[in-house]
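Enquirer: The structure under discussion is supplied below as structure tokens; questions concerning it will follow.
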Amino acid sequence: MKTSRRGRALLAVALNLLALLFATTAFLTTYWCQGTQRVPKPGCGQGGGANCPNSGANATANSTAAPVAASPAGAPYSWEAGDERFQLRRFHTGIWYSCEEELGGPGEKCRSFIDLAPASEKGVLWLSVVSEVLYILLLVVGFSLMCLELLHSSSVIDGLKLNAFAAVFTVLSGLLGMVAHMMYTQVFQVTVSLGPEDWRPHSWDYGWSFCLAWGSFTCCMAASVTTLNSYTKTVIEFRHKRKVFEQGYREEPTFIDPEAIKYFRERIEKGDVSEEEDFRLACRHERYPTRHQPHMGDSWPRSSAHEAAELNRQCWVLGHWV
């Protein structure tokens, strides 16, 4: 399906804008990874009345029993054992923050993911953050150049220059985005194994912010391919039109009719030709057809001076200029 140069430019702008929106949303949200954490249930005196022997039905059954003694260390005591002592809470993590569900009520508690990352991975995490910022900035530059190309659509040369620069910036942004996403994934996986005990996930998976980030990368690369395709097609079309223009208006070199040469040679040998008739040998001129292929001996394109020289050379017959 053939598309115009302006149509290809509009498609590239739309893809670049979509990539920019996806990348910005993913960078600012905290749903790159999400899952559950296994935490101990709150004991007696910490809002965990259901776990206390003197609450509810346990208080009625044990109304005559002696008060429950605290543990030697003074910590709340839990009567449950095994996996019943733990409960799962949901969490979600982004580049900047990790938020966990509050067990005692609605709301979330957030802390910096940079502080949660192991010391050995903080440098990689900061490099990932810088790469994400550069990724977004290069997307903005590429988007601006593509918009300028639309404004200069009447000028082919200016449009080609802007198209080339937009393609370069878009490709560079896509490469930076891919590296940034991979580095963050590596840091998160290491933090799952070596992070703080109270944060380590029991189970986790990638969230919608992670999907947006890779969707942004996909749109970015699609925009770069579309821009490069537009640049290549425009150059090829320009060269083709120029070649057709040059060949369509060039005249074929003048040549002598071989039958006329044979006729005058025979008459000269017989002595029947006069001087006036000797000047009547004319050169034939023909214009190239639309799809004319030059002779093997011809070398095109030729300048007008070369064509004039060949005209004079081929019209010199039998000692006279024709």
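Cβ atoms here come from the backbone N, Cα and C positions, even for glycine.
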Enquirer: Per Swiss-Prot, does ARG5 fall on the same side of the membrane as MET146?
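Expert: Going by what Swiss-Prot records, MET146 is on the same face of the membrane as ARG5.
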Enquirer: Looking at phosphoserine as annotated by Swiss-Prot, pick the matching residue from SER274, SER299.
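Expert: Among SER274, SER299, the residue Swiss-Prot annotates as phosphoserine is SER274.
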Enquirer: I'd like the per-state residue tally for the topological domain 'Extracellular' (185-207) from DSSP, helix first, then strand, then coil.
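Expert: Split into helix, strand and coil, the topological domain 'Extracellular' (185-207) gives 10 helix, 6 strand, 7 coil.
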